[in-house]
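Visitor: Copied straight from Swiss-Prot:
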{"type": "BINDING", "residues": "Leu121, Gly125, His126, Leu127, Ser355, Pro356, Phe357", "note": "(6S)-5,6,7,8-tetrahydrofolate binding site"}
{"type": "SITE", "residues": "His229", "note": "site 'Plays an important role in substrate specificity'"}
{"type": "MOD_RES", "residues": "Lys230", "note": "N6-(pyridoxal phosphate)lysine"}
Amino acid sequence: MIFDKGNVEDFDKELWDAIHAEEERQEHHIELIASENMVSKAVMAAQGSVLTNKYAEGYPGNRYYGGTECVDIVETLAIERAKKLFGAAFANVQAHSGSQANAAAYMALIEAGDTVLGMDLAAGGHLTHGSPVNFSGKTYHFVGYSVDADTEMLNYEAILEQAKAVQPKLIVAGASAYSRSIDFEKFRAIADHVGAYLMVDMAHIAGLVAAGVHPSPVPYAHIVTSTTHKTLRGPRGGLILTNDEALAKKINSAVFPGLQGGPLEHVIAAKAVAFKEALDPAFKDYAQAIIDNTAAMAAVFAQDDRFRLISGGTDNHVFLVDVTKVIANGKLAQILLDEVNITLNKNAIPFETLSPFKTSGIRIGCAAITSRGMGVKESQTIAHLIIKALVNHNQTVILEEVRQEVRQLTDAFPLYKK
């Protein structure tokens, strides 16, 4: 019987070897991709539970299948915890991803072809904020706003003038590569001025918002979307919040039956665990440590004139660095750092001159190393290791030194092998 084959290692060695290799990679690499984090064993246990067997189209108390009384409890727990965590009146926890959450929000707020003002991808926005290769750019008429050419920060007066000119039905705030705090109150004032809805995609900063170390968009936005991983440290999935009952009904209809069929109740259970973890007072200390670590790491680059720190600093979990004075492009920097077991990604910088497949910059985030227990001292050490590798990118002996120093650091802060 299939139920006898419960051990992946014995039943499917080829797959197990790949999983084990990834476990080893995570243990012995320094993870600096800003959209990644390390979940607790409790989150993984919930996601690997028998809930994966259950179909539950619909919502708690109103399902299309029988036998849903247990998953109703699970989903209700997730909903109520999300509402409490973010101070929202309504929450939808069924969206499979942040992109699905954004798609549902658009469906709830606007019609195909409507004009939307969103952050340009090159300035730090996300694909779902209007990229022409994404469903958002294909379905709606997106106009991109950028950052100030001198400060590389959002210029709210300029965004207001742009909004007056294009008269959008919706304004999208939020980013995937913007290192500064966003003033959601100003964005709402801009939206009100032109009669537009305001949607905030807080996927990257959700954990910081939950902990109260970053301003919350919930009091200002008509709809807030998020992922549940990244700084929130939960499973990969989406979340939608609102304080408007009428919009909540539209959101629910947009998610199901508009975009999805059966929800992933095992993932929703893992979301519920993550929300409970984030409600613990210790999570605020964790979120503050992310900000402290990121600031400390960024400061090392700011003090080295061979690198340029975009916008001059960071207020959150992420920052961008122009590396073109020491290496040809961000892609080569990413590849080189992978070789010394430091994982990050190439990233376009504002007013980018290189191809998006090469880029002038790299993006660095500190959520994952903070989850391992690393602090300011380790963050500074990692910055120096990155600089050492990039500056000496043709020196095999020095690169091996960096690799060994990375191993010493990861051994000192084990992930799951404690």
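Cβ coordinates come from backbone N, Cα and C, glycine included.
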Visitor: List, in sequence order, the same-chain residues at least six positions removed whose CB sits under 8 Å from that of Phe357 ((6S)-5,6,7,8-tetrahydrofolate binding site)?
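Guide: Within the chain, Phe357 ((6S)-5,6,7,8-tetrahydrofolate binding site) has Cβ neighbours under 8 Å at Lys331.
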Visitor: In whole Å, how far does the CA atom of Lys230 (N6-(pyridoxal phosphate)lysine) lie from that of His126 ((6S)-5,6,7,8-tetrahydrofolate binding site)?
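Guide: About 14 Å separates the two Cα atoms.
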Visitor: Of these binding-site residues, Leu121, Leu127, which scores lowest on Cβ atoms within 10 Å?
Guide: Leu127
Visitor: Measuring Cα to Cα, tell me the gap between Leu121 ((6S)-5,6,7,8-tetrahydrofolate binding site) and His229 (site 'Plays an important role in substrate specificity') in whole angstrom.
Guide: 21
Visitor: Within a 10 Å radius of its Cβ, which of these binding-site residues (Gly125, Pro356) has the fewest neighbouring Cβ atoms?
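Guide: Ranked by other Cβ atoms within 10 Å, the binding-site residues Gly125, Pro356 bottom out at Pro356.
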Visitor: Near His229 (site 'Plays an important role in substrate specificity'), how many other Cβ atoms are within 10 Å of its Cβ?
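Guide: Around His229 (site 'Plays an important role in substrate specificity'), other Cβ atoms within 10 Å: 27.
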Visitor: About how far apart, in whole Å, are the alpha carbons (Cα) of Leu127 ((6S)-5,6,7,8-tetrahydrofolate binding site) and His229 (site 'Plays an important role in substrate specificity')?
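Guide: Here the two Cα atoms are 18 Å apart.
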Visitor: Just to be sure I understand the packing, how many Cβ atoms besides its own are within 10 Å of the Cβ of Ser355 ((6S)-5,6,7,8-tetrahydrofolate binding site)?
Guide: 10
Visitor: On a count of neighbouring CB atoms within 10 A, which of the recorded positions His126, Lys230 is highest?
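Guide: Its Cβ has the most other Cβ atoms within 10 Å: Lys230.
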